[in-house]
Amino acid sequence: MKRGLRRILLPEERKEVQGVVYRGVGEDMDCSKESFKVDIEGDMCRLEDFIKNRRKLSKYEDENLCPLHHAAAEGQVELMELIINGSSCEVLNIMDGYGNTPLHCAAEKNQVESVKFLLSQGANPNLRNRNMMSPLHIAVHGMYNEVIKVLTEHKATNINLEGENGNTALMSTCAKDNSEALQILLEKGAKLCKSNKWGDYPVHQAAFSGAKKCMELILAYGEKNGYSRETHINFVNHKKASPLHLAVQSGDLDMIKMCLDNGAHIDMMENAKCMALHFAATQGATDIVKLMISSYTGSSDIVNAVDGNQETLLHRASLFDHHDLAEYLISVGADINSTDSEGRSPLILATASASWNIVNLLLCKGAKVDIKDHLGRNFLHLTVQQPYGLRNLRPEFMQMQHIKELVMDEDNDGCTPLHYACRQGVPVSVNNLLGFNVSIHSKSKDKKSPLHFAASYGRINTCQRLLQDISDTRLLNEGDLHGMTPLHLAAKNGHDKVVQLLLKKGALFLSDHNGWTALHHASMGGYTQTMKVILDTNLKCTDRLDEEGNTALHFAAREGHAKAVAMLLSYNADILLNKKQASFLHIALHNKRKEVVLTTIRNKRWDECLQVFTHNSPSNRCPIMEMVEYLPECMKVLLDFCMIPSTEDKSCQDYHIEYNFKYLQCPLSMTKKVAPTQDVVYEPLTILNVMVQHNRIELLNHPVCREYLLMKWCAYGFRAHMMNLGSYCLGLIPMTLLVVKIQPGMAFNSTGIINGTSSTHEERIDTLNSFPIKICMILVFLSSIFGYCKEVIQIFQQKRNYFLDYNNALEWVIYTTSIIFVLPLFLNIPAYMQWQCGAIAIFFYWMNFLLYLQRFENCGIFIVMLEVIFKTLLRSTGVFIFLLLAFGLSFYVLLNFQDAFSTPLLSLIQTFSMMLGDINYRDAFLEPLFRNELAYPVLTFGQLIAFTMFVPIVLMNLLIGLAVGDIAEVQKHASLKRIAMQVELHTNLEKKLPLWYLRKVDQRSTIVYPNRPRHGRMLRFFHYFLNMQETRQEVPNIDTCLEMEILKQKYRLKDLTSLLEKQHELIKLIIQKMEIISETEDEDNHCSFQDRFKKERLEQMHSKWNFVLNAVKTKTHCSISHPDF
């Protein structure tokens, strides 16, 4: 039996067959090798040509094709038969990387025999590739009519199969104008009534593609099937567009004529209410318009038909300057004065789009010039703001009386054409309008003159022309509806040259209705050049106040203009408070204007700025306090300036750093300055307390703050704390001696220790140690009484806050139990009560002593950690108690025969002990098991295993994990906690110390020698254990070299800019003298970068001028989109 090929899978898989071997070549093999190698025993000549074509094979390999694809594309029918006979039927429809089957490849290469053979073998003709194209679509696209015929004759072929965008093969045939293929498809049952994704029928595609032969076949076939030509040619798609609309879009005159001859309705409208005529008018297709108008037989006025925007054909032609078309439309009766939905006539629309041929044509034809759009503008309003202005019109038109009368016509806002020309800055239009004796004092509804507009938009040449012939300064100083003069508007927008011109012409420094001067407006925008012009002219205007008491400094600070603030300070502007008691520095801080604050800090008037505030203002406090709250990074910079290193080398012994504390000394300095009548009380260490309040760790860790606290500690803190600790030890040490010297349980009184035996009930008085014991008892008693007095005084001082501190409750317990312990000195009390109180007293005495030590840095941080870990334990008490109850009661039920578990209370205590690791497995569980004392051994050991897993493993690890996490958190914020305690200690001490003493020990600065020891050997040893351990920080290295270089480059650029401006003015003068006409004469836009930026911000605002400006800058070109077929 003849062996065939084994099943062929995807390329790049090895196929082994008897007689035929197909090897896919991997990517790692040399590209010079054959991509595919087919060895066939016998019949080698038949495949010789196929194997030799390496270039094609390489291409096929890249496209991931299999041998059947190659054979189908090359027309190798015998090889295809050989491959198919040795494989399964699936190989017929195998796809390559693009989704193409062998039938696709055969159709694409116009291999008719391959197509026939594949179809005869059962290939599926309805499979589509990635581009949604079937073999029939590919054949139609390539115009392979024989292949089309073969495919359509096959019974399995779906002739109406949809491809990309829902297009059938019939539609693709119309796009190619292949009438022969169309005839074949129609004969085989292709549907003309099937539409694509956009609702287009084949008749639409034929009209758009200009396929006249296909169109004739389609109409004839439709007529044969009951659709008249007129009905068929007026089919519409989803957009209600007819074939005539699409034919006009393509611009094919013959197709349009064919559509009209077959009854296409010219007055049919699509969704946008546009007829095909409107499309043609937009394109400027005069021949098409003439054809359609001459072919129209309806009763309506087709020439003046309007679209959805109420625009006629003449509007469309005027918009795009189609002069010939407009002239033809006028000749056939087009209404030259019709208006669209926005009230625009063709004349206004042509003027707005700079279609000057149309404008002059319409004026010649007698178009009305007094028609206004919905904004009240006539055509002259739009003409004057175009480049070259009125020069675009013929000279004879400007002599017409009805056009001259328009120069004073106002729009809805009361603006005349002169206002428009001044706003846009067209000197030619301004000169022409002034030549008609137009009044420059005309006002708009918001009381703005043309000079207001020119000044607002920086039109320097226009301002010069307007001010050229004035005899008084009334125009210069007139205010608009808001009281703003041209000087205000020019300063507000940063036009320094205009400001300089206005000031030279006599403009006054007036205030608007809000009390704002020109300097207020310039400072609000941060225009330093404009501010300099104003300040150089009138220096006294720096201190002018508005209605809220704000100066120009307030405005510049609020908007964050640091350079403007620096300039005003350099011009010695007064630092004043507004009506809200806020200086410019308060406003900058509240608005978080970092650059403004940093600029003020670096200014030489910083100390003056710092002192301007009121002590009784709740929201505008001392600027230092506000800086800590709102801008801590600026406070850090200020503290950096308080560190002044010496000029010596850092490794030298004489190298020192001076720490200035003047910005941390608010309490003392303010106490001296606050008037006695003002009820203002400042807390000691106010600045540091504000840092603690707002959690400013980086500021508290700053070297200046650390040195400040160290100075306080050395001045009085260490002494006071040691005195407090010493007074506490007066009770602690005697109490400790009493507990150590006297045997617990023995009674004692003032006479001595009473030694008694429980067997004989005899008592013996020990008088040998009676005197020292008596002294210790008296000291404990007196220290406790002293403690009582101290606590009572603190209650009156701290009031409610006293009861919020748990340390105070602890001291009451200590003093009470201590007095009870030594009460036998005066009264006889039972010994058991005496020693129980003694145990409590000595415990809390030493625990409270531990809290005293947390004031010291080296050991205090560990005490804080111990406190945090204890709080973590308390948070887990809920879980802890429930586990204790669960296992304790369970063990009571199972092990109640043992003494340790005999009662529920004892069982709970024993379980608690087991939680700490004292499980006692042998005595409690193992030996009772061997003695058969366990009533429920399995349950008992199961409970033991559960206890071991939950408590020693899970619960303890949980507590350890929480403790480790809290320790890491405490270490992270250890600095803040330690310094906060130091600040609290010094604050409380300064509240109690007299002012004269504080003035004596307080220092405004200190000098530290980092390379020298600060204390003697004994003191260093003592400070190592108890005192603050300084971690010196380097002085911030502020390298100003880069800043200086940048500043030099800045000044060089300013010099170059000034030089270029002078050269520009010189060139302009030369051009004027030589009477050279240049397009630049019409440009009136001399703006700096900041001026242009401000102008862009203004133009982005919602305004009625926006679409006019856009039309002036660029002429819009209409691009009509058509559907993709």
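Even glycines carry a Cβ here, placed using N, Cα and C.
Small disclaimer: the values here were computed from a predicted structure and weren't measured.
When Asn337, Asn755 are compared with the annotations in Swiss-Prot, the one labelled N-linked glycosylation site turns out to be Asn755. Relative to the membrane, Arg344 and Ala831 are recorded by Swiss-Prot on opposite sides. Of the residues Asn85, Asn749, Swiss-Prot records the annotation N-linked glycosylation site for Asn749. Proximity note: of the listed disulfide-bonded residues (Cys193, Cys463, Cys634), none has a CA within 10 Å of the CA of Cys609 (disulfide bond). Ranking the disulfide-bonded residues Cys193, Cys622, Cys634 by the distance of their Cα atoms from the Cα of Cys463 (disulfide bond) places Cys634 first.
For the repeat 'ANK 6' (239-268), the list of distant contacts is 198-200, 203-204, 206-210, 212, 215-216, 219, 228-230, 232-233, 275-277, 279-280, 283, 285, 287-288, 291-292, 295-296, 298, 300, 302, 305, 1120, 1122: same-chain residues at least six beyond its ends, Cβ to Cβ under 8 Å.
Counting in whole angstrom, Cys622 (disulfide bond) lies 15 from Cys634 (disulfide bond) by their C-alpha atoms.
Long-range contacts of the intramembrane segment (905-925) within its own chain (CB-CB distance under 8 A, at least 6 residues past either end) are made by residues 884-885, 887-889, 891-892, 895-896, 898-899, 934, 940-941, 944, 947-948, 951-952, 955-956. Less than 8 angstroms from the CB of Cys193 (disulfide bond) sit Tyr201, each of them six or more residues away in the same chain. When Cβ atoms from all protein chains are considered, those within 10 Å of Cys609 (disulfide bond) total 21, not counting its own. For the disulfide-bonded residues shown (Cys463, Cys634), fewest C-beta neighbours within 10 angstroms: Cys634. Across the repeat 'ANK 14' (548-577), the DSSP tally of helix, strand and coil residues reads 17 helix, 0 strand, 13 coil.
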